[in-house]
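Undergrad: Just dropping this structure here.
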Amino acid sequence: MSLVFTLVCVSLLSEVVSEERTVRYKIYEEVRPPTVIGTLASNVTWTPDKTLRTFPGIRFKLMSPSTGSFIRFRESDGRLTVEERVDRERVCKRNPRCVITFDVAFVSAEQFELFHVEVEVLDVNDNSPEFPRAECTVEISESAALGTRIALDAAEDADVGSNSIQTYHLSENAHFSIDVVTRVDGVKYAELVLVKELDRESLAFFALKLVAADGGHPAKSGATNVTVKVKDANDNSPLFDHSHYSVDVPEDTPVDSLLLDLNAVDPDEGLNGQVVYEFGKQVTKKIRQLFKLDYKTGHLTLQSPVDYEDETTYEIDVQATDLGHNPVPSVCKIIINIRDVNDNPPEIILTSITSVTDGVAHVSEATGPDILVALIGIKDKDTGANGQVSCTLNGGHGNFRLKRAYEGSYTIVTMAPLDREKIPEYNLTVVAEDFGVPPLRMVTHYIIRLTDVNDNAPIFSAKIYEGFIEENQLPGTYITTILASDQDSGLNGEITYELFDSDTNSVSRFAIMNQAGNVYALQSFNYEVTKRLDLRVQASDRGWPQLHSNAVLIINIVDQNDNTPSISQPLLVNGSSEIQLPRDAPPSYIVTRIAAKDSDAGLNAELTYKLYDGGDIGFAIDPNTGEIYINRKIAYDEYDLWKVLVTVNDNGHPSLTSTATIHFTLTESTPSNGNFYDEREDGEPKQWMLILILALTISSLLFLAILSFILCKNRKNGQKRQGYSTLPGYGKDNARPITVWKGNSMMTIAVRDPQISGKDSGKGDSDVNDSDSDISEGLKKDYTSYKGLWACTSECRILGHSDRCWSPSVSVNSRHLSTFSRTRPCSQVTLQRSSYDTQTKRSVALHSLTEDQQSQYDYIHVCSPQSQRRQDSENTDAQSPGRFTEA
């Protein structure tokens, strides 16, 4: 039996020199520990002069968990020692050759080498032959012929080779001898051979002793007592069809399958002719458990599954015996050959070269190309094509490949430089498939997680950061947060921050950062002193070598309203000042100007001047300029001394205030002509506002005027289009003729009102007899070329151009405008006389025509000059049908 172990190691060198060799060692079983088997270092460190040389950094590694419980491996020099008693029979059972194989690799600063190690365990004669029974009994008929054979029990010896059973010896007697026979499985047994005729009356039984001896030095033996009983003669013995049988049984044959139908015939009658079948005495217990022989029928069936990998051949002796008195058995030999089938998938033994945690192998991302990361051992228990295996690797993303090492072994090596930041983990799939039919495969997953090296410096999200802090804040006040990222992991990705002053390049005296990237003030800031700080932020990882990156941090100090306005003019003494006031100063005279300033910025420095006291006596102050002026006539005779209280406020929150008391002393001096307050300055915003309002008003009025003009024009045009939309060429004339047919000639009728409507009012009051209400498709087709309309009266326009108020006024004119062929009136266009007052209104409208005249007209047609039809037709509605009205 061969135990396969794999051992490999990795080299981080840029160039790897790999060589494979086989190293063989032999040891005897039962040696005492700690016997040294061998030292691998002696196979790789010999100098040319055959002296042992040691290299610093040599490391051997046994990748398998163990090479067996009795072998110890030392990584420093690859020494192999026996750790405990070695029992060959326990390790390899009855295999003729017991070899333990494993792979060892070592790496040094100069080379990488892989060893295939074989340790053969040699057998010693430490086991004696043993028979299954201390005594056995056999029977033979007194009429048995010379040369009759009876198989005896086989002895067993756990040793192999020459230390196993070599011969048998039988105690001295005159009738029997033995013949040593070797079975197909290599086991030797003895057959009892009759060499002299028997006579039951003279000797009914024989007591013999059978001794089995091995070939060891010294030899060991075992014995059993054999009793031979002689029985009365039986005329006939059963006879098998064949004395030898050979059966091929596939190892996947189902249980209870019939393997062989034995048949033995006995010519006797009665019980002497009835045959039964039994296993021979030498058939082992294991065979009896695997196979079953029917006592009556002789059917040999499979009782338990057989495995080609356990045993390939079985030899069985079957004896047939009749049921008569003193039966003489007949024996046949059956050889059962187990045939291999592809019932074992390949086995994959994958050994990582690096540490494995929870099934994940860790490989440094600094590993270069052609570096060994794992060794794969493949084996298949089947034989032939069923045991030949191909191996493939998937999931390497072009960074890992499979390389054949030797028979049944492969290595996984790198193909390209690795980068954890791109692909941090690989899930490799090793597939082993045999060539059997059908093929069987085994799949093993090998997860490689790249360990990080410090190859990435911290990265800021921006080059310049800006933070704000209000002045007068206590030390330790939070300012802002700056974060950098590092693609590395572990300590290589942990970032520390430092702040440096840009001007001195020393550690900042003004702010500090913690490891979370938060910036805090180290002192309180005064906006009036420092308005901005420029700092340099340095982010460093904790890897080796340490990597850095820098960014700029600008801290802006935000002003607070912490300074009250300071009054600089007039000069104050104890908060007050005296100002001379001419007695004859008129209104708007500027008495003095209050000037103040504020050290703050923005709204905090914008000042507003007010009179807290004194405004009721005739003084006022400009809130923006601080000019104090007289805003009305003052009775100077009442007092010689005037006093006002001025407040100066900034616009901060909260607002700060300064006050000044101004005393005005009357003098007889003449007021200066140029020292008057110009209210226009104060009114400039109001004037601009008035100008803006005035401009908007004028624009609005102009827009309304234009809009009104457009609406009026559209309305006028709409009325014209409405009145003459179907009268081309007559829209602008005051009186237009209407041509009617009377008798055999045309007559012209003068229209009373020029506003002629040819359309419905849209109010729903059209009569069904109106031309617009005519839905006769045929009539419209016949009269589309005629634009017969009624004129619209003033009353009609007032009423909204209703169909009910159409009333043209016509007069007879004998002048012929044109000649027409008289058209017969169509019955579909005959107007119904309505009892509704529509007919009454029409009769009133046609007051210039009598009922007799109306009855003489077939229809009234409004004609337009031919020259203007094309021009006016563009202004008419192309979809409106022609109107026909019959009087």
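Going from the start of the chain as shown, residues are counted 1 onward.
Heads up, the Cβ atoms here are built off N, Cα and C, so glycines get one too.
In TrEMBL, annotation is done automatically, which means it is predicted and not curated.
Annotations for this protein, taken from TrEMBL, read as follows:
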SIGNAL    1-18  signal peptide
DOMAIN    19-131  domain 'Cadherin'
DOMAIN    132-240  domain 'Cadherin'
DOMAIN    241-348  domain 'Cadherin'
DOMAIN    363-460  domain 'Cadherin'
DOMAIN    461-567  domain 'Cadherin'
DOMAIN    573-676  domain 'Cadherin'
TRANSMEM  688-712  transmembrane segment
REGION    752-774  region 'Disordered'
REGION    864-887  region 'Disordered'
Undergrad: Across the domain 'Cadherin' (132-240), what are the DSSP residue counts per state (helix, strand, coil)?
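TA: Counts, helix then strand then coil: 3 helix, 54 strand, 52 coil.
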Undergrad: Pairs of Cβ atoms less than 8 Å apart decide it: which stretch in 132-240, 241-348, 573-676 has the most with the domain 'Cadherin' (461-567)?
TA: 573-676
Undergrad: Please list, for the domain 'Cadherin' (573-676), how many residues fall into helix, strand and coil according to DSSP.
TA: 7 helix, 52 strand, 45 coil
Undergrad: Mind tallying the domain 'Cadherin' (241-348) by DSSP state, helix then strand then coil?
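TA: Output for the domain 'Cadherin' (241-348) reads 10 helix, 47 strand, 51 coil.
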Undergrad: Within the domain 'Cadherin' (363-460), count helix residues (DSSP H, G, I), strand residues (E, B) and coil residues, in that order.
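TA: Tallied per class, the domain 'Cadherin' (363-460) gives 4 helix, 52 strand, 42 coil.
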Undergrad: With DSSP, how much of the domain 'Cadherin' (461-567) is helix, how much strand and how much coil, in residues?
TA: 4 helix, 51 strand, 52 coil
